[in-house]
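Okay, structure first, notes after.
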């Protein structure tokens, strides 16, 4: 009986150890591929795809294969790009609080494996997008190349415009979604691209203000590091103001959507202007960052809901 009890206890401990090991592996994998970025970009990818189906008069259920290949391929291309970004930035990530525990910094994942993971993911993701349209695959590759070479390897460590350059790749996902259904030019994916492109600069500049000293320690020339908070706040307000006219190019989604989008834009702009009166710049930056996250989610969900009225 004693031996049997010991065996059961050993098995229980072994099971707990296995589960803990799986959780650890998943945590490391999620960190390397930046799972949060992947998930948020899939929201915009899906919205682009959904709107294309809506405007083209195509049924969702009849195109489930397109939905699958688009989301699967996009997820892999984005995850692969983020993996290579981690590989390249492993020397500076150690200086930042939010990145110093990444597996590429701690050494829990071999750098070469992370690089190959990224290459394989981008390759398989591109092949998946090819199952939809060639245009979608090309757009996905443009996003990956822009993120890896123009942003990570070139502008990030050299110019304060790195945020703007990085916004190009971040604006690509909804265009992938649209072109997977309709590869021809249309104003809607252009507007989606512009919304994402413009949104990212105030979003990441607010983050840069919050993490200013970390970026300074890492030697990354973010705008608040080089030109200070006052200049950064002015830039943020200008970029947010540029969002104001864009929803009106999506007037076919209806008045309720235009109302929601306009209120979101006006609210963000008002909060931005309030920053010139606030004395606590870091607190304001935190508010702006949180607002930007909610803004994007609400806006893109509202686009989908608008097609269901």
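Any Cβ shown, glycine's included, is placed from N, Cα and C.
Under the heading transmembrane segment, Swiss-Prot lists 35-55, 64-84, 114-134, 135-155, 161-181, 187-207, 236-256, 257-277, 289-309.
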With pairs 6 or more apart in sequence, are the transmembrane segment (187-207) and the transmembrane segment (289-309) linked by at least 3 Cβ pairs under 8 Å? yes
Mind checking which residues reach the transmembrane segment (114-134)? Cβ under 8 Å, same chain, six or more beyond either end. 32-33, 65-66, 69-70, 72-84, 86-87, 103-104, 140-141, 144, 176, 179-181, 183
Stretch among 64-84, 236-256, 257-277, 289-309 sharing the most Cβ pairs under 8 Å with the transmembrane segment (135-155): 64-84
Contact check, the transmembrane segment (289-309) vs the transmembrane segment (236-256), 3+ Cβ pairs under 8 Å, seq sep 6+: yes
With the cut-off at Cβ under 8 Å and a gap of six or more residues from its ends, the chain residues touching the transmembrane segment (257-277) are 202, 233, 236-237, 240-241, 243-244, 247-248, 250-251, 284, 287-288, 291-292, 295, 298-299, 302-303, 305-306
